[in-house]
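Noted in TrEMBL for the protein shown:
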type	residues	note
ACT_SITE	Glu320	active site, proton acceptor
BINDING	Lys33, Ser34, Arg38, Ser176, Ser177, Gln178, Ser205, Glu320, His347	3-phosphoshikimate binding site
BINDING	Lys33, Gly102, Arg130, Gln178, Arg351, Arg392, Lys417	phosphoenolpyruvate binding site
DOMAIN	20-424	domain 'Enolpyruvate transferase'
Amino acid sequence: MDVTDTRAPAAQRWRAPVASDPVNASVALPGSKSMMSRALVLTAASVGASSLASPLHARDTRLMVAALQAMGTRVVTADDALWLVHPRPLRGPAQIDCGLAGTVMRFLPPLAATGTGAITFDGDPHARTRPMAPLLGALEDLGVSVERDGGQGLPFTVTGVGRVTGGEVTLDASRSSQFISGLLLAAPEFDRGIVVRHEGPPVPSAPHVRMTVDMLRAAGAAVDDSRRDVWEVEPGRLTGRAWHIEPDLSNAAPFLAAALLTGGTTVVPGWPYHTSQPGDLLRDVLVEFGGRIALTDEGLTVRGTGRIKGIDIDLSEAGELTPVIAAVCALAETPSTLRGIAHLRGHETDRLAALAAEINKLGGDVTETDDGLRIRPRTLRGGLFDTYDDHRMAQAAAVIGLSVPDVELSDVACTSKTLPDFPHMWDELLGTSS
Ligand SMILES: O=C(O)C1=C[C@@H](OP(=O)(O)O)[C@@H](O)[C@H](O)C1
Ligand SMILES: C=C(OP(=O)(O)O)C(=O)O
C-alpha cells in the first residue's frame, strides 16, 4: 500500500442504488480500524519486530502508518496481506497529519511524548473542532510539554525529552473513550506507568476501552481495570508479536441492515465468537429490529423479513453504529429512540444534528434530544443527502437508498476513511455492479 498520500480523496457524488430484490450475499469485511490503530501503536512501542496479518487498507490506517514513519518507525507495507513493523526510537521534528482520524489524534500524542523532539499534530478542517482538551490537559499534568497553537484542540506540538515520569492523572473522558485508550497504550513506556481516573458523566464506548486493555495485555503489559473508572498500567517493555486483525464488525452494519430491509440474507464470514469490537452488539440490535441471526463457523448470518420494528436503545457502548441504525429506524414501522450518545456531537461531524437534518430533508421526522435521537416513521422521498465527510453518514444514506429511489449522496469517497471499497461492495451486494 502506498502510505505517502494521506489526503482525503476528492468528493464524489453518488446515487444510491435501490434494491430490486432481496439481497442474498456473503460479504467479507476488511480489518477493524480500531484493532489496526491499536496494533500499530503497540508495535511501534515494542521491543522487536511485529507483523499485522489482514491489515486494513484505508485512510485512517494510512494516516497512522505515515505518522509512525514520520516519527522514525519502519513500517513495511509491500505485502498487502502482511505488514511488518520494526520499532525505532521515536523522534521529532515531525509533522503528523491526523486527517479526521480520532485514533491518530488521541493515540499518538502520548506516544510522541515518550520520544525526543518536537512533534506537531494537525488534521482536516473539521478535525480541529474534535474534542482534545482533556487529553492535552492530562499530558500537561504528567509533565509533558504541549504547545497549544489551537487552544483546546488541533493543532498542537508535543515535545518529548525521551522519558515521561507518569503516575496518577484524572480527566473527564465523557466526550471520548479515546482519551483513556491513548494514555493507556503509551503508559508501559512511562517510568512509573500510569493510573488514569475518570471523573464526569459516563465514559462512552466501553468495548473500545476493553479492546485497549486486551491488546495491551496481549503485548505483555500488566493492566488493572478492576475498579470502576480507574485504569492502571505498570511500566514494562512490550514485546513484538504477530497480530491478526479481525474483520471490522461496525462496517458490517449497512450490509446486515440490507438483509433486514429487503427481506434477504447476508452472511459475514469470519465473525468472531468472542471479541471486544462494539460492532458485535449488532447481533442484539438486529434481533430487536425483527431479524433472525445465527453465529456459526461460517460466520454471522442475518435474515430479514422486510418489515422493521422500531427500537428503544442505549447506544453508549457502540456509538459508531448510530448512523446506520438511525437509517434503519427511519424506515421502520414504529417509532424509535436512540439514547446515550451525546458524545456523537464530537465525532467526524455532529452526527446527531447531521442525521436529523439529512433524514428530515428526505421527509423524515427526526428530533434531537439531549443525548440522542427520536425517530418517527414517515414515507421518505429522494433528494440530496449531505455526508459531511463522514464515512458512516454515507453508509446511512446508502441504507435509506435501498428502498427510497433517488437518494443522492453529496460524497461517497469519504467511506475511504475505513472502507474504501464501499461503493463497489454495495453494488456487488445488490447486483448493480457494471
Ligand atoms: O478507540 C476506538 O477505536 C474508537 C472509540 C470510539 O470513540 P469515542 O469513544 O470517541 O466514541 C469510537 O466511536 C471510534 O469509532 C473508535
Ligand atoms: C467515530 C469514529 O471514528 P474516529 O476513530 O475518527 O473517532 C467512527 O469511525 O465512527
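Here the Cβ of each residue, glycine as well, is placed from N, Cα and C on the backbone.
Just so you know, TrEMBL annotations are computer predictions that nobody has curated.
Everything TrEMBL records as a feature, shown here on the structure.
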{"residue": "Lys33", "record": "3-phosphoshikimate binding site", "DSSP (3 states)": "helix"}
{"residue": "Gly102", "record": "phosphoenolpyruvate binding site", "DSSP (3 states)": "helix"}
{"residue": "Ser177", "record": "3-phosphoshikimate binding site", "DSSP (3 states)": "coil"}
{"residue": "Ser205", "record": "3-phosphoshikimate binding site", "DSSP (3 states)": "coil"}
{"residue": "Glu320", "record": "active site, proton acceptor", "DSSP (3 states)": "helix"}
{"residue": "His347", "record": "3-phosphoshikimate binding site", "DSSP (3 states)": "coil"}
{"residue": "Arg392", "record": "phosphoenolpyruvate binding site", "DSSP (3 states)": "helix"}
{"residue": "Lys417", "record": "phosphoenolpyruvate binding site", "DSSP (3 states)": "helix"}
Cα within 10 Å of Arg392 (phosphoenolpyruvate binding site) is the criterion; apply it to the recorded positions Lys33, Arg38, Ser177, Ser205, Glu320 and give the hits in sequence order.
Glu320
On the three-state reduction of DSSP, what should I expect for Arg130 (phosphoenolpyruvate binding site)?
coil
According to DSSP, which of helix, strand or coil covers Arg38 (3-phosphoshikimate binding site)?
helix
Site of maximum Cβ density within 10 Å, from binding-site residues Arg130, His347, Arg392, Lys417:
Arg392
Give me the Cα-Cα distance between His347 (3-phosphoshikimate binding site) and Lys417 (phosphoenolpyruvate binding site), rounded to a whole Å.
13
Relative to the Cα of Ser205 (3-phosphoshikimate binding site), which of the binding-site residues Arg130, Gln178, Arg351, Lys417 have a Cα no more than 10 Å away?
Gln178
Restricting attention to the domain 'Enolpyruvate transferase' (20-424), give the mean pLDDT.
98
